[in-house]
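Visitor: Dropping the structure in here first, questions after.
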Amino acid sequence: MPAAGSGPAGEKWPALEPPVSGTTLRFGSLVAAVLGTATYAFASLYTALPAHAAVVGPTYARCEEAYRHALPAPDADLDRYAAGLDRARQDLIRCVAPVERPTAAWVLVGLAVLLAVAVVLHLATPGWIRRRGRLVEITADGFPRLHAELVRLTAVAGLGRPPTFLLDPTAGSPGGLAFGRAGRYAVRINAGLVPLSVTDPGTFRAVVLHELAHLRNRDVDLAYAVVALWRAFVVVALVPMVVLLLHPTLLSDPGRAPWHGPGYLPGLVHLGGRAALFVAVAYLARNAVLRARETHADARAAEFGAGVDLRAAVARTATPTAARGRLRRLGVHPTVAARLAAIDDPVRRHRPGVGELFVAGLTTVIAFSGLTRVVGLVVTHDGWAAPRAAAWIVAPVVTGILGAVAWRARLGAGAPADRTRVVVVAALAFALGWLVGDLVTLNTPLWDVWDLLDGGATVGRAGWGVFGGPWSGGELAGGTVTSGYGIGSGLLAAAVLAGGLVAQAGVSAAGARTWSARGATGRWSWALGAAVTALPFAVWLGIWHPVHGVPYLVGHLYRLDAADVARAGVDIWIGPGFALLTLSYPPLEIFRGQLLAAPVVALAWLYPLAAGLWRRPVAGEPGLREGVRTALRVALVGAAVFALAVLATRAALRLAAPERVAAATFNGYFYYLQIAAVAVVQAVVGGVLAARGRPLGLVLGQFAAALVALLGTVAVLAGQTLGGCVPAFRLHAAGCHLPDDLPWALTLLRTLAVKGALAALLAGTAVVVVRAALRRLPARLAVDRPAARWAWSAALLVLLLGTGGLVLRGAYDGGGATAIAATPSPSPVNPAPPSPSSPAAARPAGRPLTRAEVTAAAGAAGRGLPAGWKRKAPSSPSKGRFDPPACRPLATAAHLTPLARARRATAERSFTNGGRVASSTLSVDVVSYASVVPESVLMEAERNRAACARFRYTGDDGFRLDYRVHAADPPRLGDQAWRVEYDLATVGGVRLRARQAVVVVRVDHTLVTVSLLAIEEPLDDGLLRDALARTVAALPG
């Protein structure tokens, strides 16, 4: 680091200052707290006004009731459910828009008025101080000796030009005051201080330098902005809100006692408690700013050389009782102990405090909540756009705060390990403040918190329920579809938030180290880092915030992924075994699905590495270029090992297990095995670079992991190409041609880049933690340190590889009751009449059935359903477009169109196994016609199926759904039977997958159609066949 600079008279102070001081950071916390609390206050005021209350309450009640009635049944067909849910949300938005838009305008106008009042107070304060104290300017003509001493002290303080010195003739205390605004600063000198310039020059000098330190620290404008903002908040927002909270009927019926009104006490507790908490946070944030500026000024004055005299002056102000000192810790002025500590150790002011970062996290999420609410009121959205838009605004603030922490730790005193510890602790304190704020803001409905504290059913679904199943595999009953908050999912969301914030702080710390080593210590380097790293953090925050409040959705998506893999041909656990094999976790999958996921991840580690291109480092700092070359070599070795392992595994499997290789279930398994293997290589690469003990080992690990992802993608594609051309490496039938599926290759690259970055980070962090814990062990055992370091790193990597191998083996070979077996794809068959020996062959010519008869047959399907199944209202068909158009006859059952006019009696029944998104729905349709149904009807259905392998449905509202069509063996029932199966998947938004089987049986004049739709869970073919058999058996003979 550059040497310290010096001022006149030999006083010294550090030449390097952090780009954002603790005072500025605390001021930002106050602004965030005031804006968030004011948003809440103005929104409450709007609804409390009589004219608005008469409209807002009934409107919300009416819209909520309409929304509840418009919601589709949770177990409806997938396309109808998703489309209906989207329509209900859009209708709700349009319904409440006449109320929410004016509310947003009211809030914005209120914030503008608050800020305008604060600006006016800020500008008027200096003049008011001058007029109230009748201050007299100290000039060279009027006070020559005093003026000369003040000018000399200005030079000692390192100020470019002296401020205006003013004398307060009525103030007898030996003190002063720095005030004013940019370009017009002034320092008030009390009349009681002037004699000390002769009788006690040391104390005089210490007091004046303390006030000049405020100017040097540039905190005068901040201090008076704090006071102005707080006063404006109290007058414009707080007082009206408190008045209307205590007397809600003041404007409508002022003579009526408010406590006699309905719901007065619950409303006061609910709204008043939250408002009191917000106000308390803002008040404490204001006091923290004013305390911090005083201790920073003491530390600066000590650096000017006035430490001894200032310490004596401060010590004389100590109070005799300790209780008063404890109360002053939260007051406007710092305690004597805090001031003495700052004087004795001036560099200590750069160290980020736990309380400082806790309040910063708390106030940031309060502002985030208010901002999300305003954006949600203004912008037309579907519930997800508002927090994501707010995330892009808040992300630079968060990265700026954590970047400031990293720079302050970097420019402070202490060993590198101590600085790293400071950054990690500060990031965890920020995360804790964020989580506490998230519980008390509008982001979390209070009834969910009460449900958790009340020990509801949600509490019992902790642990792996958020993953979709327990550790041992299988479904955790209700774990993925329960509403509210579970302890396990809540802790998981908290851990993910803390991990993300610590990772962001780590990137900022790495950037501070590399850039400061090259002399880039100005605010521009801090701002550049905050801006660059805000991009990946905004994407991450925009995913975490909507998902963390719906843990059941996380588990729901997780099980959909697992079920989809099972249907694709992989025998795998639903649970953590599947996660470790496929590295599948819904928030990570959502992030990976972003188009620019890989470049966004790369931005984080490119920021600190880019300093290597700036200039050579100062003496004592290792060069980055050597580290980059090392990372490049390690990445090349890892990628080469993976490529050789892929080819060797292909050849070995081809020779040793040809039957398993040829199985339909193996291809998907081998694909996921390659992804997991690349992730293991990336973890090893990250661990090796972290184990080398180099600075920025974790960052270099990210660089190497990205290279391995790129080379690993090439290796997978090359293996597939080579397998198609060389029989010795072939796992399944494939042609010999170069890869031509660019979208698939880019998806694979994105997958390896995102998941590999996480794997390298976790492995590198584990190595760093283990090395730190065992740092002293080699010395105690008298073992050479480099040899011990490599030995421990090798042991850790072996442990990681061994664990990964056991998991992979158990995931594939576990089988048994804990595995979900893939449903084999049947070979296409044509519908055919039953054999002569079947009961239907002996049935005499039938007749058209009556409505009562078809109704009884349809109802028979539900009589033998398992416990928990219940009847539901049938769903109406939805309109839309089918691509390609050739698939429309199959999708719309066009083979039944010629029979429409001959229809005589119809009955429909629908049954579900629960009101959940993850559920199965059984639909039964019995239709009787005037004449015998010809065989050509189902033959035409089979021709339509054979002509359509896959298609996409697009609803009138834009909802899209992909279908994959499969032939299936029909049951031998009735005169003729036909069956078709579909794999369904939503396109865009939240990814949902389902399996559907449709069976049609022809019996004389009647067609029986039974359909089973399984969303998220495996399709129960036995249940389908039993229901179909009961329905056919109930038809009259």
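Backbone N, Cα and C define each Cβ position, glycine as well.
According to TrEMBL, the protein has these features:
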| type | residues | note |
| --- | --- | --- |
| COMPBIAS | 825-837 | compositional bias 'Pro residues' |
| COMPBIAS | 856-868 | compositional bias 'Low complexity' |
| DOMAIN | 144-345 | domain 'Peptidase M48' |
| REGION | 823-887 | region 'Disordered' |
| TRANSMEM | 104-124 | transmembrane segment |
| TRANSMEM | 222-247 | transmembrane segment |
| TRANSMEM | 267-285 | transmembrane segment |
| TRANSMEM | 390-409 | transmembrane segment |
| TRANSMEM | 421-442 | transmembrane segment |
| TRANSMEM | 491-512 | transmembrane segment |
| TRANSMEM | 524-543 | transmembrane segment |
| TRANSMEM | 634-657 | transmembrane segment |
| TRANSMEM | 669-691 | transmembrane segment |
| TRANSMEM | 703-729 | transmembrane segment |
| TRANSMEM | 749-770 | transmembrane segment |
| TRANSMEM | 790-812 | transmembrane segment |
Visitor: Does the transmembrane segment (703-729) reach the transmembrane segment (222-247), going by 3 or more CB pairs under 8 Å (6 or more apart in sequence)?
Guide: no
Visitor: Take a look at 222-247, 421-442, 669-691 and tell me which one has the most Cβ pairs under 8 Å to the transmembrane segment (634-657).
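Guide: Going through each listed stretch, the top one turns out to be 669-691.
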Visitor: Given a Cβ distance threshold of under 8 angstroms, which distant residues of the chain, six or more beyond its ends, lie next to the transmembrane segment (421-442)?
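Guide: Distal contacts: 36, 40, 274, 277, 351-366, 368-370, 372-373, 401-402, 405-406, 409, 412, 414, 449, 494, 497-498, 501-502, 504-506, 508-509.
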Visitor: Along the domain 'Peptidase M48' (144-345), what average pLDDT does this model show?
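Guide: Within the domain 'Peptidase M48' (144-345), the model's average pLDDT equals 83.
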Visitor: If you run through the compositional bias 'Low complexity' (856-868) with DSSP, how many residues end up as helix, strand and coil?
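Guide: Secondary-structure breakdown of the compositional bias 'Low complexity' (856-868): 5 helix, 0 strand, 8 coil.
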Visitor: What else in the chain is close to the transmembrane segment (491-512), if you only count residues 6 or more beyond its ends and a Cβ gap under 8 Å?
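Guide: Distant contacts of the transmembrane segment (491-512): 398-399, 402-403, 405-407, 409-410, 419-420, 423-424, 426-428, 430-432, 434-435, 466, 525-526, 529-530, 533, 537, 540-541, 544, 547-548, 551, 587, 604-605, 607-608, 611, 696, 698-699, 761.
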Visitor: Can you tell me which of 222-247, 267-285, 524-543 gets the most C-beta pairs within less than 8 Å of the transmembrane segment (390-409)?
Guide: 524-543
Visitor: I need to check the long-range neighbours of the transmembrane segment (222-247): which residues 6 or more away from its ends have a CB within less than 8 Å of a CB in the stretch?
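Guide: Residues 23-24, 27, 30-31, 34, 37-38, 41-42, 44-45, 48, 110, 113-115, 117-119, 121-122, 125-126, 179, 181, 214, 254, 258, 268, 271-272, 275, 279, 282-283, 286, 289-290, 293 contact the transmembrane segment (222-247) from elsewhere in the chain.
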